[in-house]
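*Asks:* There's a structure below that I have some questions on.
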Amino acid sequence: MAASDVLVVAGTHGNELNAPWLLEQWNRQPDLINSAGLSIQRLVGNPQAKAAMRRYVDRDLNRSFRVDLLEQSGGDLEMRRARELLGRYGPRGDEPCSVVLDLHSTTAAMGCSLVLYGRRPADLALAALVQSALGLPIYLHESDSAQTGFLVERWPCGLVVEVGPVPQGVLEARIVRQTRLAIEACFEALASVRSGVVRLPRQVVVHRHLGSCDVPRGESDQPQALVHQRLQGRDWVPFKPLDAIFEAADGSTVETPQMEHQSIPVFINEAAYAEKHIAFSLTRREVWTMEPQWLDHLSELLS
């Protein structure tokens, strides 16, 4: 089978409905999304979880792409699905794709944002071009041994598109629209790189992952407090000294270690992260100068 430029994956988590619905409409209306002349493969990442309206069946598919799991035989449904996707669409698959876009929604007030895992040059180039076009924030997730095995890491270039807030299992026009615009911006950026007419921004702004924070818990591991009402919904807003972080059931502020000044919380109170004991993650805003070799790496993938 012929190679394709881009693999678009929706429904990696089965209770995130907006991106899969958009792909269904795109299948029915091929002109709905401008592919900018690129060859595209599109699919639902975890159809069994989607049918069950659950994030996953046995384990999180978006943590099932670790090398040690991929090298095993058999295993849980999501482990088998990860191997299936790589075997068909991975760089050495039957229908290899150079770039993967993994489409997600979140219950957190993240707006429309991009997520990178590590500092691969091609990823940085694509994210910088999309940020230049749409102004989207970039969350750079790295150096966190507790969170690994992400789908996009197994392709030569990959971005996660996160859009929220929206409850799990709910379709919302705003989320679909923002997802569609982000997809088209990615396609346009890739097409411009291939054509050689791309204009690189001089800088890219990233929010680099520092770590994650859980709510206070008691001896039984049950939450003893919750995200403070003044913090809820303030993703991307820097912490200030003495900001309240958690509150008790009576509304009183719970004493917590002071957050690093100007650290920036993201994925605040994301529903799916409660099982991972993550109330929010912390980032630091950094401005990086664009490196010419980033674009070279992306251009080589599309040649």
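Along the chain as shown, residues are numbered 1 onward.
The backbone N, Cα and C atoms fix where each Cβ goes, glycine too.
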*Asks:* Need a hand: Swiss-Prot gives H13, E16 for Zn(2+), which of H104, H141 is also on that list?
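*Replies:* Of the residues offered, the record points to H104.
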*Asks:* Determine which of R54, R55 appears in Swiss-Prot for the same substrate site as N62, R63, E162, Y273.
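*Replies:* For the substrate site that includes N62, R63, E162, Y273, Swiss-Prot also lists R55.
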*Asks:* If you run the three-state DSSP split on R63 (substrate binding site), which class comes out?
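*Replies:* DSSP call for R63 (substrate binding site): helix.
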*Asks:* Of all the binding-site residues given, E16, E162, which residue's CB has the most CB neighbours within 10 A?
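*Replies:* Max Cβ neighbours within 10 Å, all protein chains included: E16.
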*Asks:* Translate the DSSP assignment of H13 (Zn(2+) binding site) into the three-state scheme.
*Replies:* coil
*Asks:* Nearest to R55 (substrate binding site) by Cα distance: which of the binding-site residues H13, E16, H104 is it?
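*Replies:* Given the candidates H13, E16, H104, the nearest one is H13.
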*Asks:* For Zn(2+), what surrounds H13, E16, H104 with a Cβ no more than 8 Å from their Cβ centroid?
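*Replies:* For the Zn(2+) site the neighbour list reads G11, T12, N15, A19, R55, N62, L103, S105, T106, A272.
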*Asks:* For substrate, what surrounds R55, N62, R63, E162, Y273 with a Cβ no more than 8 Å from their Cβ centroid?
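*Replies:* My list of surrounding residues reads T12, H13, D60, H104, A272.
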